[in-house]
Amino acid sequence: MNALQDQHVLILGLGASGLAMARWCARCGARVTVADTRSAPPQLAALQRELPAAQFISGAFDAALVVGTDVRAVFKSPGLSPLDVATVIEAANTIGIRATGELGLFSQALADLKATQNYTPKVLAVTGTNGKTTVTALTGLLVERGGKSVAVAGNIGPTLLDTLIQHLAAGTLPEVWVIELSSFQLEGETGFEPSAAAVLNITQDHLDWHGSMAAYVAAKAHVFGATGLMILNREDPQVMAMLPEPVRVKLQRPQLRAHVTFGADLPRRPGDFGLEQVNGMLWLVRALEADETLKNRKGETPELFLQRLMPADALRIRGRHNAVNALAALALAQAAGCALGPMLYGLRDYRGEPHRVAPIGIFNEVEFFDDSKGTNVGATVAALAGLGSERKVIVILGGEGKGQDFAPLVDPVSRYARAVVLIGRDAPLLRAALQATHVPLLEAESMAQAVALANAQAHAGDAVLLSPACASFDMFDNYEHRAQVFAQAVGELASAAGAAWEGAAP
């Protein structure tokens with residue numbers, strides 16, 4: 001691991017990933033300079049304490065950071081958009097300096113470990129607009145239950161490089177890495193080669209950062225590399241469009257790249273995963289060839305046998321969208337060679353991630369769900385469809401809309417919502433978009449008022465869902481704070497009503 005030895009490296013941005021890259025580069029013997037447009041970025045004290053030899057530069061990101069210096073590599077923090085660092089990256093490219101990010105450093109580290117220690121772990125990667133954290137955490141649990149050592153890292157932490165440093169120090173390099181990757185981390189990365197990768201879905205998000213939907217989709221597609229198994233949501237046309245055209249081989253059928261699909265419908269190919277309704281019960285299923293000993297004629301579709309894995313009701317995570325998340329996790333863990341039986345027990349035990357359609361309690365036969373992490377339209381569409389397949393939903397929407405198109409909410413609100421309560425800065429935009437649904441649209445000035453209005457609209461057996469489809473910063477510190485205020489409001493409402501409160505205390 002001496003590619004960085006005695007090299008001068010420049011790190012752009014001093015957040016969690018920037019600090020992790022600085023630690024890694026210093027560990028590898030590099031001379032480190034960190035630049036940030038802020039005079040006191042959040043990790044500056046940690047950098048100065050842990051790496052006193054590192055230089056910190058505050059100011060604009062301009063070409064002078066690399067031109068006329070002895071910098072030999074530039075590493076960009078994922079929070080910085082291409083526009084933020086364009087001047088530096090273009091200057092670096094012009095003079096032949098490599099520029100990458102934490103994922104590129106992590107990939108190089110694994111290549112070095114393979115060369116020096118014959119370390120060849122399976123690497124499973126997860127991306128998509130929504131569901132990444134749930135599928136990443138669940139895949140890690142399934143791999144562990146499948147009997148393999150595993151490290152889970154990436155987008156929301158811990159960072160890839162800090163996790164690698166910890167395992168190297170402890171002598172516990174895992175057999176499998178499960179990593180969550182955002183479009184920010186994947187932007188511009190071309191050397192990443194996972195064993196298998198999943199794209200869960202694609203809906204509008206971060207367009208202000210990427211500049212266009214096409215650029216956002218292209219960044220997500222980098223997750224597959226050139227050779228890894230592709231795990232694809234077959235119900236999402238933009239995801240399926242990532243599958244390359246078949247390669248024509250002389251005297252053979254055109255060869256499709258290795259892939260597995262999943263979705264809420266029936267699987268169509270051997271090895272694919274899906275959902276099947278049997279006598280009113282929804283099952284997780286996998287398609288197998290009915291008779292693998294029979295060779296199919298050219299162009300003939302193999303006869304399928306659907307292997308029922310477990311009822312969706314046996315999952316602790318709620319909603320059809322979470323059943324689909326479970327299928328994606330099964331496909332990923334299976335790609336790492338994990339046995340199916342132990343993984344199914346793991347699925348039953350998984351309780352979900354905080355603020356992602358998380359049940360927080362029931363009173364007066366109405367169940368309350370916290371999906372405060374639903375900060376974009378796609379997340380809320382999935383939450384409504386997931387919960388609405390079983391009951392009517394009163395949904396709390398609103399906040400900072402980030403310039404999104406709210407039109408995709410019209411269909412699920414029309415189908416699944418009994419009422420909508422609007423909060424926050426972009427409530428008027430949501431009202432305009434949802435007017436055609438003819439569902440009651442109420443407005444609240446505070447979360448407490450929103451909860452009270454939602455509860456008043458609910459019937460026994462309904463769900464009240466906080467899934468704002470918007471960022472939180474107009475009214476709250478962050479989405480966790482929004483969730484905390486929601487839970488507190490629900491608890492206070494139950495107490496004031498003198499109702500029995502079944503579930504988590506706020």
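Glycine is no exception: its Cβ is also placed from the backbone N, Cα and C atoms.
Because the structure is a prediction, the values reported are computed rather than measured.
Some features that Swiss-Prot has for this protein:
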BINDING   G128, T129, N130, G131, K132, T133, T134  ATP binding site
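Features recorded in Swiss-Prot, as mapped to the structure shown.
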| residue | record | CB count, 10 Å |
| --- | --- | --- |
| G128 | ATP binding site | 26 |
| T129 | ATP binding site | 24 |
| N130 | ATP binding site | 26 |
| G131 | ATP binding site | 26 |
| K132 | ATP binding site | 23 |
| T133 | ATP binding site | 19 |
| T134 | ATP binding site | 25 |
From the centroid of the CB atoms of G128, T129, N130, G131, K132, T133, T134, the recorded ATP site, which same-chain residues not already listed sit within 8 A by their CB, in sequence order? V126, V135, L200, N201, N325, A379
Going by DSSP, is K132 (ATP binding site) sitting in a helix, a strand, or coil? helix
